[in-house]
Structure formats: structure tokens, C-alpha cells
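Following: one structure in C-alpha cells, then a few remarks.
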């Protein structure tokens, strides 16, 4: 029978005599040779056969040719022959010319053009396939045994072919001839469909069959292809598909069927669909995520397979303990945490009128311990509050929030407590001044206490003469004013003076002792006092001389150390062993007296040598890992403690190298430590050391409590003053100035790579993309040979186009960081694609100023984004500019507006036209402040005319307490007023 991989070409007649009972009429030559006869097969079925038995005559050359067989696309043909052969020894009285073999030939032709005499009956034009010999021959006619042989030939190129059989003197019968070819049947493998494919021209040929993903599947590796071998079998699969998100495998991985109701699949893959997590549902088939039910939400960081959760209920059992102008609040956790474990608390302080009808947020003088930073919240259920004023009425709201509170349209649940502070003594007098002095008196004044905590009744002044080993007898006087005249003093004498204020609560603390001196009797000061400037000047000059000498000694010493360091490194050894003048000249440029030079750890033949040279080895017994706080490229990031001998225990961040690492991964992991270990600056993350002599391998750095700058700003939207933000930017610029002076290019400067500690100090981190910058005055760039990804939104155009990374490209990135900081962590270029960003920057589009951004800061951003990198400011200039802005705070009050020109706004981000909204609620939804819709309605602000007249006090009164939200709503109200003025009718 015919196998599943073997069939005749479509539309052609099978070249077979098996089972044929009608006359075949094949061509014979000569006519006395092959003879067509009827016979029976093994099952005694009637068949037509060809036989020949001219064994008694020598020089036989009998040919038999089939009819024309269409080839179509087949390149190699297989022929199965069934035949019987008579044993020559069993035939009596025959000459030695008797044969027991015959020859198989084929002839290719584009048309059925063969005739009785054409082509010539000979090898060439006929092509010989093989000489066919039987496995068994028979000696008696009735016991003939059928032989089966299969031969193949190719490659074929014409439209068809003939088969021919040559007899040279055998006694045989040709029972069956079957021509066929082999193919690989269509199949599904790896969720891809591969079509039916014919085998190649040779038995060893491999034919490539391209595949396509089955419906609802996606490619996971390309190209998709299978190889069909010469036996018609598939082999060597390349590439694969997998079921798309929302679909699962079915029918033995031959189909991808949609997830049913109540199930979902968030990622592509071969896994099955999963039931919806609690509090969620699907609305259609093929769901990739289950939608949260009403009142339940997911945080942005929650995975799609996590349960939907709700906001927590209000804290319970608030207890207050008031002590004069400070208090302690304690409370119990909410009855319902909302199904989450990231519960936090916000304490809102409000100062109220006597009737508590009008409350406003407390000013910044009120201190909280632990300190509250915007929306980061408290984890402890206890807070100490100090520096509140005496007597006023206060209301404290303790809000319970969790990771999805920002998703809820309603304000957090809270418990409130009303507090009336007690009378407290005044604070200390900060400073005192000498107004005039005579031989027996002096007139003093002072600044009133910063916190009087009530009406000041009078001041008590204590003074005593300063003598050799101590002070004399103290005298006290009182004054109703913040000034006093002290009489009865000695001439040319020094006195120590202190002052304190008194209220009905009693005296406050004395001020710090301050020294004042009376004049001589003749009105002149003493000789010692007159010579004081000369003495001070001489001492200062002497001190400066000593400092200069010490600095010169240090410079010379460091110069020798740097030179020795360079010469002992692989870079230096290369210099000593090289006669290349260009190399020597470059190295000399690095060795600048008094300047520390960065050395690329990748120049070391042994990377471990760089680690030993620049990083301190720490014993594992000194390290204690407390919790995992994240995951990095090489392993986990943990928080822990470090206790070195002779030093106090400190919190540290610990990067660990995952198990099963390769030597290259270990080298790349430790290279960051080799880089960080060379830096020593308050705005660069500090390396404590490494652990390489035990497992796991660790890099230990200082711990930054507030983590990455971008997420920190988003959590504290609108909570900082402009001066605070500029201070952060100044710290980042100072760190980058330090790196650029060491000829070091960061290449990945972004807010996500700036870490913030508890004191809001920003430090540059993440040196994974950084590389050494060669100091070549002609072209001070590092040409990257890496093919890795680069952060398009933060990278300078020349670095994207030509992989030219310089300190100037870092300046471009710093401008983007400025924009991130002033926009409180907004994504640069918003939702534009990377290619759109590249095109826009190429067309001189630049980011517009963030909301409420000072003009001076946005201009500095634009300076950083100048196309010509040589015209961008240096980091030293940026630091100087920011210092001037900090000293002249008034310059930061001029707010930037979007202007046209070369550096025009990237996108039209104007506030929506309020006339397009039918209700105030629609307007609040448009500006993403829909959570306050109920507040506006309950307070009576139901029309745009009323909303346009609202002030910050109105927002506070109706419950909009977050400063960032107040600023956003007021900004939109201001635009609403402008639109109303533009649409007023004009009287003619």
C-alpha cells in the first residue's frame, strides 16, 4: 500500500501496473522482446504483466517504456518494482548469455513526445538508475517468488518523465511498477502551523518550511521554521509561538481557546486560564485582567492576579496626652485594613477658631516625630507633636490609608480628636545686641522669643563681671521692654549678660551668655581692646600660612600617590612597557596635581585586582540582612545592618549576587563596587565594602531611607517648597560636577537613579551603564561599542545617533532630571513612543515648563538641551547658577509660561475648556480630581460661576487638604476664569 507520506502527484495517473486488468499498451522495442500478458498476483487477483524470456538467443537488448508521467513540483521520484526471475541454471540447454538481472532507466521531457523510435533505445538519452538483481530466483514455473525493489532518482527539472526497463537476456516477469514521492504532511508544532512540504532533490536534503502562529497565538522566538528531511519526516524545529494573553492551550496544544467567563490570563504563555481573584470579575471572554468590583481597587504595583482590595476603615481608640505646647497621640489600628498589608497613617493638624467653625492647616513650625513626608505616611501608631501654640484649639485627624487609597474617589477614613493646649513658658531669647557703652554703663537690646506662648509680662536680665578664673557676683534687673540700660558698671571691664522672658506661665530659659565691654573712663577702650584687631589679624595671617604649607604638602603627597596608583595599575604597567608616545601623552594628561583620577576597572587583566584595590573586604560576620526590599539585575537588594569593629552599628543597603552565576556575571557585578569605591563625595552613594570570600557575594552601600527620587517625588506631590527642590537639584549637580572632574561619564542619569536619604540629601547612584571617559582635548568622547539599550527619554541626541557619551550628554540628562524634579516625578514626554521622542527632539521641540516652575529653572533646562553639546553649560557652571538662585530667592518667584519659538511646548497640554462640561463633577473628572465631587456638591459649589470664585480657604473648608490637590484645582480654576473673561459679550 501507499504510506501516509507517499502519494502520486495531484492530477497525474499513477505509474503502476498493480491491479490493472485492461491492456497497458506500453511501448516495446523490438516487438519480439517484452510481451504483455494476463496473470494473477499473490492473492490470485487478475493482473496485466510484462514478461520476456529470449534466453536461447544471444545479444538480447529488449526495451519496455511506460507512458508519460507528470512531475509537477516533485524533485525526487521513488519507483517500487515487483518481479520474478527464472534461475538460469534451471533452464536446460541454454548458452552462457542467460542473465538474471535487468536495468532501470528514466527519460525527462517537457511534453509527451516519445515515439516508437524516439528517443533512441540506448543509455544517453535514457539515464540509468540501477541494475536490478533479484533476491530470489525460481527454478520451476509454478514456484515463482516475487521480488520487491525500490529505487529513487532525481533531481528532476522538466514537466514529466518516462520509466524504461532494459532486458539483456533474462527470463523474467514484471508484475508491478509503482512510482511515488515523499512529503512531510502539514502539522502543528509549538503552536505554529507548518504546511505540507515536499522532500528535497537528494535523500539527505533538508527543506525549510516556514510556519505561522495558530489563531490567538503570538510569536515568542523567530523565525518560525521546520525542516523536512528526505524520508518525509519533520525535524529540527526553530522558533515557537505561545497562546496570547486571554487564551489557553487546548486540543493537545493545537488550539488556543479564549478564557471563559470568570477566568483570565494576564500574560502570554502555555499556562491555563486562572479564576478571577477575590472581589473581581470579567465582562467578556478572552479576558487579560479581571475588573475590580465596585468599591474595590488595585494599586499600580499590584500584579494582575492579585485580589482587589478596599480602603481601610478609620483608626480606633485615639488617645491624647497634652503637655503644655506638646502632645502625644496614640491610636489602634482600623477594624478593617481593606485586605492589604501596606497600612499607613497620615496625621493632619488643623488650627481652629474658638467655636471650631473654621479650621486651617497648621503652619510648618509644628514638628512631628516621626517626621511626616507628604504622602509616605506613618507605620507606627504613635506620634509626638511639638511646637504648637499655647491656648489655641487644634483638631488632629488620623487618616488610615493603604496602597489603593489614591484610587478611591472618596477621601480616606479618619478619626479626629480636639485638643486645647496648655499655657507654656516662652522660648529663649535668640540674640542680644550692644547699642552703646560708657565707662560705667551700657545699653542692650534683644530679639523677642520666637514662641512667646502668651503675653510677655517682662524680661529678667542677669549680668556679672568676667574675671580671671570665673565670673563675679551676678546681678539681676527687670525690664518691661526688649531693651535695658545697665548702670553702676566698672570702666574698661567685660561683663557676661543673659536675658529671659516671663509670662503668666513663668520664666522661660535664659539666653546663651554674651560678652560685652564698657569703655575706659576717658571714653577710649583699653590698650588690649585697641590692639585686638592687630592681634586677630596677625593670628589669622599665621594660621593661613600654616594652612598653605599643609595644602602644598598634601598636593605633593597625593600627586605621588596618584602617579604610583596609575603606574601600579594595568594602565600604568602598560605605560611603563610601551613606547607609544600618544599613549604616554594621554596618561600624562590624567595625572593632574591634586586631582583624583578615575581608573576604569575593565582595564585590569584580573578584575579581582580592581576590587581589592578600590573596595574594602568586609567579614560576613559583620553583616546582618533584615529584609528584602527589591530585586536587581544580578540578584536581590536587601536592607540590613553593618557593625564594624570600633564603629557604631549602621543601616546599610546590601546587593547580593544570585546563585548559579557565571564568572562574567560575578565580574560585572563587582565592577560597580570597583567604580563606587573610587568616589568620595557627599552627593555620591557611599560604598561601605564588599563580601567576596563567602557566599553570597555582596556589595554593601549606605542605606537611603527614601529610596529613588522619582517615586519619592510622586508620593510627595506638591509637598516641598521651590527652595527645597532647588536644593535637591543643587546636590545632584554637585555630585555630577565631582564625577565630570574625574573624567567619568554616567550615561544613565535619571531621577530613578538618584537616591534620597532621610535628610532629603540626593545622591547619584547606579553606575551599571557608566564607562570611563578618555580625556582627549580634540574630541573628549567615549564611543560606545555596546549594542545594549539606552534610555531614550534621558539621552542626548548625539548619544542616541552616534553613541557619543560625554559629560555634555550627562548635562542633557541632568536637564531631564530637573524637569522630573519640578514636575514631581512626571514621566518625561508623557506617553509618547521612543521614536516620537527622537523625532520631536530632532525638530527642536523641548519639554515645556512644569506647573509653577520658575522661569530661571526652565531656562537652565533649555540651556542643558542645546543641540550643540559644546554650548551646553558645564556642571560647575550649573552648580554656580543654582547657588545664585538659592541666595536670591526672589528670582524663583517668576513663574515660567509656555512660549513659542525654537524651544516650543512639546505637546498642547492646555486645560480643557470648561464649557465642554455639563456639570462640575465632569470638570473634576477631567482634571483627575473626581474624588472631591461629593465635597463640592455638599458645600453648594454646583455651578461654574461659583467654582470660579473659590479660594484656597474655600478648598480647605470643603475638605481638600492635600497641598498638591489644592494647587491643581486652583490652577484649573484660574484657567476657568480666563476662559470666562474671553467669552464675555462685548458692548458696542
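Keep in mind that glycine also has a Cβ here, set from the backbone N, Cα and C atoms.
Here Swiss-Prot gives transmembrane segment for one range in the set 535-555, 556-576, 577-597, 598-618: that range is 535-555.
418 is the residue among 418, 981 that Swiss-Prot labels N-linked glycosylation site. Within the set of binding-site residues (629, 631, 637), the lowest number of other Cβ atoms found within 10 Å of a Cβ is recorded at 631.
Residue 748 (active site, proton acceptor) sits 22 Å from residue 629 (ATP binding site), taking the CA atoms of both as reference points. Under 8 Å, Cβ to Cβ, and six or more positions away along its own chain, residue 635 (ATP binding site) finds 655, 656, 657, 658, 669, 696. Applying DSSP to the domain 'SAM' (915-979) sorts its residues as follows: 46 helix, 0 strand, 19 coil. Cβ neighbour count for residue 748 (active site, proton acceptor) (all protein chains, 10 Å cutoff from its Cβ): 19.
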